[in-house]
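Peer 1: Features from TrEMBL:
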DOMAIN    9-239  domain 'HpcH/HpaI aldolase/citrate lyase'
BINDING   Arg73, Glu140  substrate binding site
BINDING   Glu140, Asp167  Mg(2+) binding site
Amino acid sequence: MATSSVLRRALLYVPASSQKFMTKSLSLASDNITYDLEDSVTPANKQTARTQLRDHLSSLSNKPASIGELAVRINAVSTPYALDDLTTLASAPNLDAIVIPKVNSASDLSFVTDVIRHAALQRHSSDPTASPLKLIALIESARAVMDLRSICAASPYLSGLIFAAEDFALDLSITRTPGLAEFLYARSAIVTAARAFDLPSSIDLVCTSYKGPEGVKQLEEECQNGKEMGFNGKQCIHPSQVEVTQRMFAPAEAEVEWYVRILVADDKASAAGRGAWTLDGKMIDAPVVGKARAVVAKAAKCGMDIENIKAKWKDQKPE
Ligand code: COA
Ligand code: MG
């Protein structure tokens, strides 16, 4: 079963063909850094990128504290590159996860699962404390959306789904619009499947414009929209997108304060035998309290000082 402690608000792609980008990535603060061997690396550069990435991971004495997870995006299982990607990298030190593009059916994940099980023997012999690699599947075709149920059940290592808009738009001849309405069905299917199979992450599409105030505005709108739909993170292509994404996918301060007040008052309501009660004129009952617990727990993982907010509202009573 996937661990629910993984926080993946921003997933930043770093082309593994660029030594400069890989070095830069270590200075960033991001829940996830994904070194890319797929679309940002040309066929002629695949081998060099693989070995460069392996050397990069091996050269780290530890994963930087500001980075939650280091991952590699391999090439699609249907290409001649995937097996070499896995044999070169699946036993690499400091690697936490493998991002698999163009997952079309359960068999794509079964293949990767079998290969990483072999690599795990080597990983374990060099570092007995190493955890098993997690898998994150990119959903980017109509076929994949139709087969989400079997994809989600295909591997015990699966720990998240990612929606990839560009390839999905290509597959369905979709024209992307700023409101993203054309992707509603696929995005909603993905977050629903991730939840149904208890996968900790559902990660939304890339915001392709990343420059200037316009880029930030569009990114903030997309993050808000994705968060409202149930995604808990977003793919990024440029370091400037990471801070905004990390912030937007963390609970907002006002939201956390509201839910802390509910938890404090609910203790008093429960002690008085009240299951439904009122705060600021709004009805509070079990599902609201459940949501309050979830949001406050996430805020704590995002580094917010919950005890301080609780102390501020310690006298909060139900109305
Ligand atoms: N990862 C790490 N560092 C990156 C980066 C990335 N994805 N993108 C940019 N940087 C670094 C640059 O090296 C530069 O560092 P410096 O300030 O220390 O010199 C800084 O961030 C600013 O970069 P900038 O000059 O604005 O961008 P660029 O023109 O060098 O690169 C892109 C722009 C789009 C080519 C680049 O961001 C990129 O390749 N992104 C990833 C694309 C990708 O992986 N696509 C496939 C997945 S969808
Ligand atoms: Mg793609």
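First residue shown is number 1, and so on along the chain.
The backbone N, Cα and C atoms fix where each Cβ goes, glycine too.
Unlike curated records, TrEMBL annotations are generated automatically.
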Peer 1: Per residue, counting other C-beta atoms within 10 angstroms of the C-beta, which of the binding-site residues Glu140, Asp167 reaches the highest number?
Peer 2: Glu140
Peer 1: Return only the integer: C-alpha distance in Å from Arg73 (substrate binding site) to Asp167 (Mg(2+) binding site).
Peer 2: 15
Peer 1: In whole Å, how far is Glu140 (substrate binding site) from Asp167 (Mg(2+) binding site) when you measure between their Cα atoms?
Peer 2: 6
Peer 1: By a simple count, how many Cβ atoms lie within 10 Å of the Cβ of Arg73 (substrate binding site), its own Cβ left out?
Peer 2: 27
Peer 1: If you run the three-state DSSP split on Glu140 (substrate binding site), which class comes out?
Peer 2: coil
Peer 1: Helix, strand or coil for Arg73 (substrate binding site)? Use DSSP.
Peer 2: strand
